[in-house]
Amino acid sequence: MLPPKIFFEKFKEIIWPIERKELKLFIPMALMMLCILFNFGALRSIKDSLVVPSMGAEIISFLKLWLVLPSCVIFTVLYVKLSNKLNFEYIFYSIVGTFLLFFLLFAYIIYPNQDIYHPNDAMINNLIASYPNLKWFIKIGSKWSYALMYIFSELWSAVVINLMFWQFANHIFDTAKAKRFYPVLGMIGNIGLIIAGSVLVFFSSGQYIIDSELLTDSFNSSSCNSIILQPIISIIVTAGIIAMFLFRIINRFILTNAINVLDVKKAAARTKTKLALIESIKLIIHSKYIGRIALLIICYGLLINIVEGPWKAKIKELHPNTIDYVNFMGMFNIWMGISCVTFMIIGSNILRRLGWLISALLTPIMLSITGFIFFIFIIFIEEIGTCFGDFNLLYVAIIVGAIQNILSKSSKYSLFDSTKEMAYIPLSLELRTKGKAAVEVIGTKFGKSLGAFIQSLIFIIIPTATFDSIIIYLLVIFIVMMNLWIWNIIKLNKEYIKLCK
């Protein structure tokens, strides 16, 4: 048995591998990530709660493919051009500030006056009757402000988290520090999901104040407006401002004096790299290593998109109005946060003790097991129902899907993100900066958009199709892409080892 002092040191190494001299940098970085992930959790629930009850879960495929993906491409072009002209710090302020400004505009101006800005239902119904194959595009046009909010909420994840925050972190930490810092950063950051879920549940549980009606109808009242959406958006904007403030503190007061934490090589990496847009694109295309990182993200995005659509359709069946949908997603965020923090504690030790390959493989393994169980349950729900009688199988299906979503995303946030970010570190500054910009923004959304393309194509050709009617085809795609993901990880690991030597 180990002496108490040695046992305590071992326990501290597992739970908190951060040295005391590193706390000056680590604490503001962790708080910054907490604020950013709080916004991510809240925005993820808000965007789904707007579009699914009012337009149907099938609309998500069209939003991701026809709106989110083009927006990501446009943003990437603008970002690469800005990175050649502006300091990264000012780019960060400009981008985050733009997001926060739009959220305020949506909550306080567009949403309360949506009856003025949106076309009337009679006109929309007539258009759908005349052009049934285009009904999903017509529905998007009927709620264009919801679609715009969906785009900005999706871009928050791709841009602010995957691109801005992690690129900043990769410029600061080398591979050795990343193994210790990234899992703990993620663990603390995911507490933001728990806080976001609690905020959503708090505001959506006010049944004694308003009836549980569709939010679009209840928002004819300005008092309902302030009770539900505006306070949540105000908290989101406040968290964003705090994140920008912490970012400024790190740049102005910590990095300049942090030679004990950052070596000279990493300090120099904060300098700006000039690279033309065409050269950047060629650099990405000709790099097999960057291509494999992109394929990791594409596989994950496609598989999650394929599973989430049927799951959200089931949630709508159980919670057809927006307030109840928000409440459910709030509870989902709470359990997601708890699961993520738990996985972060486990994941940090897996990464440090078992290495990159095992850590990277655990996410697809987790997703394949839980996803397969969910698909089988949905496909054979009637057969399963004969064994349980009058039991609420719809509720069980939603819980099975929620468990799948929570476990797969928990392993993704704790292991996939950390291993993916570590894969960038051995690269040159040019590949790390410009390559990451394209891979993170376009790659992230291309995976989801590929799944969305498959689904939306079916819904366009067969207007009466639903997720229940195409579930077996989604299962086949799920199995094929899962095998491709695992094969790509094994190949990428060999190249990663060579670069680290």
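In case you wondered, yes, glycine gets a Cβ from its N, Cα and C as well.
What Swiss-Prot says about this one:
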TRANSMEM  23-43  transmembrane segment
TRANSMEM  59-79  transmembrane segment
TRANSMEM  90-110  transmembrane segment
TRANSMEM  146-166  transmembrane segment
TRANSMEM  183-203  transmembrane segment
TRANSMEM  227-247  transmembrane segment
TRANSMEM  293-313  transmembrane segment
TRANSMEM  326-346  transmembrane segment
TRANSMEM  361-381  transmembrane segment
TRANSMEM  383-403  transmembrane segment
TRANSMEM  446-466  transmembrane segment
TRANSMEM  470-490  transmembrane segment
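With a cut-off of 8 Å on Cβ pairs spaced 6 or more residues apart, the transmembrane segment (227-247) and the transmembrane segment (90-110) reach 3 or more such pairs and are scored as touching. The stretches the transmembrane segment (23-43) and the transmembrane segment (183-203) meet in space: the count of Cβ pairs below 8 angstroms, excluding pairs fewer than 6 apart in sequence, reaches at least three. Counted over residue pairs 6 or more apart, the CB atoms of the transmembrane segment (361-381) and the transmembrane segment (470-490) come under 8 Å in at least three pairs, which marks the two as touching. Here the transmembrane segment (383-403) has long-range neighbours at 307, 310-311, 314-315, 317-318, 332, 335, 370, 373-374, 377, meaning same-chain residues at least 6 beyond its ends whose C-beta is under 8 angstroms from one of its own. Outside the transmembrane segment (59-79) by six or more residues, the chain places 48, 51-52, 91, 95, 136-137, 139-140, 147, 150-151, 154-155, 158-159, 163, 277, 305, 308-309, 312, 437-438, 441-442, 444-446, 448-449, 451-453, 455-456, 459 with a CB less than 8 A from a CB of the stretch.
Contact between the transmembrane segment (470-490) and the transmembrane segment (293-313) is supported: at least 3 Cβ pairs lie under 8 Å, counting only residues 6 or more apart in sequence.
Ranking 146-166, 293-313, 326-346, 446-466 by CB pairs under 8 A with the transmembrane segment (183-203) puts 326-346 at the top. Of the candidate ranges 146-166, 293-313, 326-346, 293-313 contributes the most Cβ pairs within a distance under 8 Å of the transmembrane segment (446-466). Counting only same-chain residues 6+ beyond the ends of the transmembrane segment (326-346), those with a CB under 8 A from a CB of the stretch are 14-15, 41-42, 44-46, 48-49, 183-184, 186-187, 190-201, 203-205, 215, 228, 315, 318-319, 402, 405-407, 409-411, 413-415. Long-range Cβ contacts of the transmembrane segment (293-313) within its own chain (Cβ-Cβ under 8 Å, at least 6 residues beyond either end) map to 48, 52, 56-58, 60-61, 64, 360, 363-364, 367, 371, 374-375, 378, 398, 401-402, 404-405, 408-409, 412, 416, 420, 423-424, 439-440, 442-452, 454-455, 466-468, 471, 474, 477-478, 481-482, 484-485, 488-489, 492.
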